[in-house]
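For reference, TrEMBL has these:
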COMPBIAS  291-307  compositional bias 'Polar residues'
DOMAIN    2-117  domain 'Multidrug resistance protein MdtA-like barrel-sandwich hybrid'
DOMAIN    15-84  domain 'Multidrug resistance protein MdtA-like alpha-helical hairpin'
DOMAIN    121-211  domain 'Multidrug resistance protein MdtA-like beta-barrel'
DOMAIN    214-276  domain 'Multidrug resistance protein MdtA-like C-terminal permuted SH3'
REGION    285-307  region 'Disordered'
Amino acid sequence: MSLYQIDPATYQASYESAKGDLAKAQAAANIAQLTVKRYQKLLGTKYISQQDYDTAVADAQQSNAAVVAAKAAVETARINLAYTKVTSPISGRIGKSAVTEGALVQNGQATALATVQQLDPIYVDVTQSSNDFLRLKQELANGTLKQENGKAKVELVTNDGLKYPQGGTLEFSDVTVDQTTGSITLRAIFPNPDHTLLPGMFVRARLQEGTNPDALLVPQQGVTRTPRGDASVMVVGEGDKVEVRQVTATQAIGDKWLVTSGVKSGDRVIVSGLQKVKPGVQVKAQEVASDDQQQVASNAQSEQTKS
């Protein structure tokens, strides 16, 4: 669909003139070819010399070259004529027009005639710290993290706190780091059939970096740290006795710590009543519902057994 129509009169005339020049060049080339054929039959007789024949061949070659040049001129004129119809290279929604009928437009002008925004699919740019980006690349490279079908999935939460129903995928990351913020820009693509998402809208993105089959998510209230930063948890061990485990908590994900060593799936981590228990004390554990039984170790709310 054409968005604007520029006055085509001058370009239409140039196009017709170029087609006329092409027809003239083709006619001249035909005459030159016929002359070569006639001279070729007379070559070797006293009626034509070798020089006349060579000249005719050269004229025919020049005529063919003129036809090629004329065809190129026609194509150039056709392209210029086509430019008088301004179309959008993408499908989307056009904004307010910056020009009115009869306005003068020029090649390379600073002011755009209008802006067309692609809405479906729509791109979402998010930022991530360069340190997290390097860690992600390293964990994917050594196999610690695994991605489904080689693409990271992305979820959106709109400004009103609602989850966007369509899931997206990470398309690419920028090749430079913003020196002022130390972050890198990631671009995700989302289906947007109902045009719910609009350009310039603020959203929050959740990037599913990958799956670590050997890691667990442990509630933050169940992890304690020493002044040196070492992390530990209390678990309900054999005989319902409290044990202290040193763990490696690499990063916070929501209200949980990502623990890569120290506990295993099935361990009962104490998340409440920590001030009431000590290592070696027998407790009565009560399991608490988990958000994701596959990833989070069973939480245990414990209270010291009275003798």
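Glycine is treated like the rest: Cβ placed from N, Cα and C.
Break the domain 'Multidrug resistance protein MdtA-like alpha-helical hairpin' (15-84) down by DSSP state and the numbers are 61 helix, 0 strand, 9 coil. Secondary structure of the domain 'Multidrug resistance protein MdtA-like beta-barrel' (121-211) per DSSP, as helix, strand and coil residue counts: 15 helix, 38 strand, 38 coil.
Across the domain 'Multidrug resistance protein MdtA-like C-terminal permuted SH3' (214-276), the DSSP tally of helix, strand and coil residues reads 9 helix, 37 strand, 17 coil.
Across the domain 'Multidrug resistance protein MdtA-like alpha-helical hairpin' (15-84), the model assigns an average pLDDT of 93.
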